[in-house]
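Below you'll find the structure, written out as structure tokens, and then a few comments.
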Amino acid sequence: MDPGGLETERQPLDGSCKWERPTFAWSWSIIGPGLLVCLADTDAGCLLVACQSGSRYGYGLLLLQICLIPVLFMAQDLTVRLGICTGKGHSACIREHFGPRWCWFATTLLLVECVVAMVSEMSGVAATGRLWGMNPLVSVVVASFVIIGAVLGLSYRQIEVIGVTLGAFEMTFLITMLYYHPSVGSMLQDALDHVADPEYMKLISANIGAVIMPWMIYFQQSAVVARRMRTCTEMDQERTGTLVGSITTQLIMIGALVTLAAAKSGNRDLKSMEEIVRAISPAFGVVASKVLISMAFLGGSLCAAFVVALAATWALCEAASLEDAYALEQSPTDAPFFYGSFLSVVVLGALVLLSGVNTVRLNVWVELLDGILMPVAVGFLYLLAISEVVPEPVRVKGAYKWVTGCVFTIAAWEFKHLPCVAMLSEARPCQSAGHQNVEFGDVHAHTITAAFQICSCARCMAEGDNG
């Protein structure tokens with residue numbers, strides 16, 4: 001017992017907390033929002049980018065993936081502190097401390113981003129179904145019913161377990177990486193080599209700018225509140241889960257990159273799951289390759305779909321001051337706005353995809369929104385975390401404050417340049433045979449794919465194909 005008669009693990013973070021700073025604590029409770037949101041970050045589009053990176057540049061981007069671990073953790077760590085200390089989600093905090101106009105500005109951009117992200121996740125599901133000969137309509141409809149049914153019938157904690165389980169399927173790339181077991185020497189040599197290629201530099205910039213996605217910030221802070229985390233011990237456990245998630249998601253990226261680099265398929269411009277399967281089939285066989293790739297891409301897409309849809313729903317409810325933070329524990333009749341909003345995001349995403357919209361072009365334009373929303377979301381997050389909103393022992397201060405501020409500034413600056421690359425891909429779409437659009441994209445991954453397309457389509461223009 002502490003001197004005040006309260007056990008530390010039951011002490012609410014109301015300013016009377018005895019800790020000088022948050023730390024880490026291990027328990028099974030670390031399987032929470034932090035781990036879930038990090039696994040969602042490595043969705044189908046992101047995996048495709050990692051595969052392309054390995055196939056195109058070998059192990060050249062290996063060290064970058066490692067360096068991005070603390071960047072991801074810093075952003076999500078602040079959501080944990082704010083969620084537990086304020087008991088409110090990100091939109092609610094912005095509304096309370098910066099006013100409803102800023103809140104609705106950020107929320108509106110987030111809603112558009114999340115709907116397009118849902119299109120991307122559903123396209124990942126459709127691509128997986130297509131790999132096995134399934135009609136895209138069937139794949140998308142089944143996935144939509146699974147997502148909606150889970151949210152309507154289960155508690156948040158149960159949804160969280162399902163999401164983490166689906167996200168864990170992405171670790172099949174760790175299995176394939178270990179199977180290839182390339183020599184450490186060759187990986188280090190590639191990783192330390194300088195590549196004098198403009199597209200390589202764009203790829204580095206895009207990876208840095210895309211490591212923190214706005215919907216991740218909104219989701220984790222609201223999910224921490226939904227889990228009713230209010231104690232010092234729960235904060236330590238959630239920070240540990242976030243750190244584990246940050247490491248895990250980058251290990252998955254490394255696994256995908258190393259797998260395709262070691263496969264040495266000869267195809268430097270991977271644009272579909274079928275091409276990834278063909279690349280690793282010599283080592284695993286066709287059927288095993290299809291199973292491994294399907295598990296990773298389907299798991300990542302469904303995990304991200306849950307997170308994206310809930311992030312948009314919580315943000316809208318907080319901005320409108322409707323329902324409460326624990327709506328997932330209520331029935332649809334008791335929280336109609338919450339469940340109606342969730343249903344709208346999922347259904348709208350599925351309908352847009354099935355309408356035949358060009359998802360590549362759609363993702364290009366959402367980069368423009370990301371370029372605006374990313375600095376706004378991270379900026380508010382940082383300003384709140386260093387303010388008196390957070391109790392002094394938990395507040396971001398000292399060296400950590402300055403390091404975090406510098407990292408966020410760099411990330412926001414890099415993200416600012418992504419729309420420029422995206423717009424280039426809109427300028428002259430290639431119609432040449434063999435240079436078709438990728439069959440699925442991702443909001444934060446498409447710009448990288450677009451950069452690859454610019455490079456490959458330039459050859460068409462130089463050769464006088466169709467330009």
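Counting begins at 1 with the first residue displayed.
Positions of Cβ are set from backbone N, Cα and C atoms, glycine also.
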Pick from 21-40, 161-180: which range has transmembrane segment per TrEMBL?
161-180
Write down the single range among 100-119, 200-219 that appears in TrEMBL as transmembrane segment.
200-219
Maximum Cβ pairs under 8 Å to the transmembrane segment (240-263) - stretch from the list 57-75, 161-180, 291-316, 372-391:
57-75
What else in the chain is close to the transmembrane segment (372-391), if you only count residues 6 or more beyond its ends and a Cβ gap under 8 Å?
13-15, 17, 75, 78-79, 81-82, 85-86, 90, 93-94, 97-98, 102, 105-106, 109-110, 113, 209, 212-214, 217-218, 397, 401, 404-405, 408, 411-412, 415-416
